Amino acid sequence: MAPIKIGIGGPVGSGKTELIERITRALDGEIEMAAITNDIYTLEDAKILARNSVLDEDRIIGVETGGCPHTAIREDTSMNDAAYEEIVKRHPNLDIVFVESGGDNLSATFSPELVDFSIYIIDVAQGEKIPRKAGQGMIKSDLFVINKTDLAPYVGADLSVMEADSKNFRGEKPFVMTNLKTDEGLDGVLRWIREDVLMSDLAES
């Protein structure tokens with residue numbers, strides 16, 4: 001069976017790379033994982049992931065998209081498709097491949113032909129009104145993550161407002177509030193992966 005592809009999108013600095021690092025560390029030994037990172041002109045995210053995550057370097061491929069990072073995950077996915085084929089060739093037993101977008105705006109979405117599921121992550125420092133803007137990335141993602149909740153008191157953000165707005169535009173679709181530096185809220189992300197993505201015996205009772 002082909003690995004499941006999970007896209008991870010969000011603005012620059014929201015915590016996309018850190019989310020992959022935390023997920024792979026938590027699920028290490030439980031499932032087989034790899035990652036593809038997209039950057040406009042560098043391979044910086046791939047280097048950070050190789051340095052900080054439990055993934056071996058040959059399980060990480062960096063893609064230099066050039067221009068608009070949105071194009072590489074939506075209109076022309078050929079570079080990511082090639083990276084996916086290469087990483088599966090290296091590791092045919094993979095369960096999940098994460099595809100991290102380059103930092104993008106609130107309207108960024110993944111092509112359904114590129115990924116099977118998508119996560120969209122923002123951070124509290126961008127302001128409590130961000131969920132209210134209901135960008136396509138936040139609306140269409142399978143899981144919405146509001147990260148860096150610890151910063152709320154310092155930026156004047158009301159987490160209860162962000163939560164209410166998220167419930168309003170997400171409806172029944174899940175969202176999680178996290179502080180990835182301490183792994184607070186990470187259990188919600190892991191539960192979603194086990195139960196909604198893998199739908200296997202890994203599901204927590």
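Indices start at 1 and increase along the chain as displayed.
Heads up, the Cβ atoms here are built off N, Cα and C, so glycines get one too.
Here's what Swiss-Prot has on this protein:
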- G10, P11, V12, G13, S14, G15, K16, T17: GTP binding site (BINDING)
Requested in this report: Please work out the number of neighbouring Cβ atoms within 10 Å of the Cβ of G15 (GTP binding site), leaving out its own Cβ.
Outcome: 23
Query - Greatest C-beta neighbour count within 10 angstroms, which of the binding-site residues G10, P11, G13 - result: G10
**Report entry** Distant-in-sequence Cβ neighbours of T17 (GTP binding site), under 8 Å, six or more positions away
**Finding:** T37, D45, I48, L49, E100
Query raised in the report: Near V12 (GTP binding site), which residues of its own chain have a C-beta under 8 A away, given they sit six or more steps off in sequence?
Result: G103
